[in-house]
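Q: Pulled the feature table from Swiss-Prot, pasting it below:
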- 10-206: domain 'tr-type G' (DOMAIN)
- 19-26: region 'G1' (REGION)
- 19-26, 81-85, 136-139: GTP binding site (BINDING)
- T26: Mg(2+) binding site (BINDING)
- 60-64: region 'G2' (REGION)
- 81-84: region 'G3' (REGION)
- 136-139: region 'G4' (REGION)
Amino acid sequence: MSKEKFERTKPHVNVGTIGHVDHGKTTLTAAITKVMAEVRGGEFKDYADIDNAPEERERGITISTAHVEYESEIRHYAHVDCPGHADYIKNMITGAAQMDGAIIVIAATDGPMAQTREHILLSKQVGVPYIVVYMNKADMVDDEELVELVEMEIRELLDEYDFPGDDTPVIFGSALKALEGDISDIGVPSILKLVDALDSYIPTPKRDTDKSFIMPIEDVFSISGRGTVVTGRIEAGVVNIGDELEIVGIKDTKTTTCTGVEMFRKLLSSGEAGDNVGVLLRGTKREEVERGQVLSKPGSIKPHAKFEAEIYILSKDEGGRHTPFFNNYRPQFYFRTTDVTGACQLPDGIEMVMPGDNVKMRVELLSPIAMEDGLRFAIREGGRTVGAGVVSKVTD
């Protein structure tokens, strides 16, 4: 039995392990659950549990992900670990597992490798804000100078992708020794040090209700004598009766006022993140609003049509395309609640994109959508999902 009841009072932070294949991500994940279960209660997950991660489907894409949880003195952590390299890429691009911070695992015996670099770049592109380093397999290196070299190399690599290399915590240890209960510095204490680094280096994320109000519009009705009602699920923030709001995307931005909030046929004085509501708008005609626009706090989000994106294209086995696509491919981009056609520009030197590939590209939409960096979307052809992506940079 676990020693203490799970408390919902601690702030919740999402993290995950990233890094090159066989550098010890899954062993480290198991070691953290074991050490923290002994210190704080909770459940120990062994290597096999994590490695046999069930397949999940996110936007039609098959991803194997293991979810574990543990508590530190001040926080509750939800931690994701993926068995395969492709799973990481899919996970990060679809946002199936949003990370407030990542633990990059690097074998001291190898130093940073190709996938280490790719995961750091992807973290930057998809907006993982903080990275902590665990230098693993410390039990297999005797050469102090080699360790310092690897540490220097990883800090430089982080700098290269605009992470603060000099300030990043680097913890030196052996996940395997920690899992075996070894109490020398590189064993259990290295895990405690790592969790301390997560606590102190990754800030507590802003709660959704503290962010600016935004609600993607799913449907529009007019109620005679009362005006226009838009319905949807509030993505972030809070809306109160009397608030001035903007309707953003597709058409020119319009200003309106909230005169009522309804949920399950009951009138509320306000609605907050996560609520499915109807918002009554004053002075707005039904034909001025459509699905795919968003209702937002004035000035908080702007419409854009051009952006750079990091994209994953489904493989044939995932129900995606059977053939590659080329420059100027024009699928539909599904943002929040609607499809908008856009043209794709491939990077120099890339002639085509095969099913199962991930690629960075520039996109220009036919009509603008309320958008900011980090927004996720699906790529569709005639209602069938053929890819997923994330806006890495708005360019207009």
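Each Cβ is built from the backbone N, Cα and C atoms, and glycine gets one as well.
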Q: Name the residue among the binding-site residues K25, H85 whose Cβ has the smallest number of other Cβ atoms within 10 Å.
A: H85
Q: Are there residues at least six beyond either end of the region 'G2' (60-64) with Cβ under 8 Å to its Cβ atoms? List them, or say none.
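A: Residues 53-54, 82-84, 87, 90-91, 94, 96, 312, 314, 317-319, 378, 385, 388 contact the region 'G2' (60-64) from elsewhere in the chain.
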Q: Tell me, by DSSP, whether G19 (GTP binding site) is helix, strand or coil?
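A: Going by the DSSP assignment, G19 (GTP binding site) falls within a strand, counted as strand.
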Q: Using Cα coordinates, what distance in whole Å links G19 (GTP binding site) and T26 (Mg(2+) binding site)?
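A: Given the Cα positions, G19 (GTP binding site) is 10 Å from T26 (Mg(2+) binding site).
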Q: Might you list, by sequence position, any residue in that chain lying six or more from C82 (GTP binding site) with a Cβ less than 8 Å away from its Cβ?
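A: Long-range Cβ contacts: G16, A53, I63, S64, T65, A66, Y88, N91.
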Q: List the residues of the same chain that sit at least 6 positions away from D22 (GTP binding site) in sequence and have their Cβ under 8 Å from its Cβ, in sequence order, or write 'none'.
A: A107
Q: Note down the number of other Cβ atoms within 10 Å of the Cβ of A138 (GTP binding site), including every protein chain shown.
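A: Other Cβ atoms found within 10 Å: 23.
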Q: Averaged across the region 'G2' (60-64), what pLDDT does the model get? Just tell me the whole number, please.
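A: A mean pLDDT of 79 is what the model gives the region 'G2' (60-64).
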Q: Tell me which residues of the chain lie with their Cβ under 8 angstroms from that of T26 (Mg(2+) binding site), as long as they are six or more apart in sequence?
A: T17, Y47, I50, D51, A66, D81, P83
Q: Using all protein chains in view, find how many other C-beta atoms are within 10 Å of the C-beta of G19 (GTP binding site).
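A: Here the count is 26.
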